[in-house]
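Below is one structure, written out as C-alpha cells; comments come after it.
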Amino acid sequence: MATKEKLQCLKDFHKDILKPSLGKSQRARSEDKAEGKPPQRQKWSSLVNFSYFPVWSGLPVFFLEIITGQYTSEGGITYWEKIWHLFSGIGSASIVIVPFPNVHYIIILAWATYYLFQSFQKELPRAHCNHSWNMPPCMEDTMRTNESVWITISSTNLTSPVTEF
C-alpha cells in the first residue's frame, strides 16, 4: 500500500512540475480549454511604448546632436573630437555605418511595394507553376491532391509556386 501511495505522489509531483507557469506560456493552458475560458493574451497597453520611444528617446538624441554640433561649430564627423580626443573616430564610423541600415530598409520597402503591385493582377503570378522563374520540382496544390502523383514522386523535394515567387 505504501508503494502505491508513493507512486501516486510521484505522479502528482510530475504533473505539477510539467504544468506551464502562469503568464509565461503563449498558448492556452489545457485547463482553460477544458473549462471553456478564452486564452490569456498579451496586454496591448505595452504597445504604447512604441509611440513613447520616438518622443522620449529619439528626439532628445536628435536635439543633443544638433546642440553639440552648434556648440562646437563643427560637423557630425569632427565635433566628437572636440568633446574628447578618444571620440575622434565616432563621426567617421557613423558615416560608414549609417548607409547600411538605410539600404536595408529601402530594399525591404522595394520588395513590399513589388509584391503589393503584383497582387493587383487578375491572376496572381504565384498561383501556378508555369512561369520562367519556377523550378522543375514546383507542384501546384491541384496536383498535390492526386494520390497517384504522391506515390510516384518524393514529396521532400517539392515546392509550391508561392514559395518560389
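Every residue, even glycine, has its Cβ placed from backbone N, Cα and C.
Where the annotation comes from TrEMBL, it is an automatic prediction and has not been curated.
Per TrEMBL, the feature region 'Disordered' maps to 20-40.
Marked as compositional bias 'Basic and acidic residues' by TrEMBL: 28-38.
Taking Cβ pairs closer than 8 Å, the transmembrane segment (47-67) reaches residues 76 in its own chain, all 6 or more past its ends. Annotated transmembrane segment per TrEMBL: 47-67 (among others), in sequence order.
A Cβ distance under 8 Å defines the sequence-distant neighbours of the transmembrane segment (87-117), meaning residues of its chain 6+ beyond its ends; these are 75-81. Residues or ranges marked as transmembrane segment by TrEMBL: 87-117 (among others).
Feature annotation from TrEMBL assigns disulfide bond to Cys129-Cys138. DSSP classifies Cys129 (disulfide bond) as coil under the three-state reduction.
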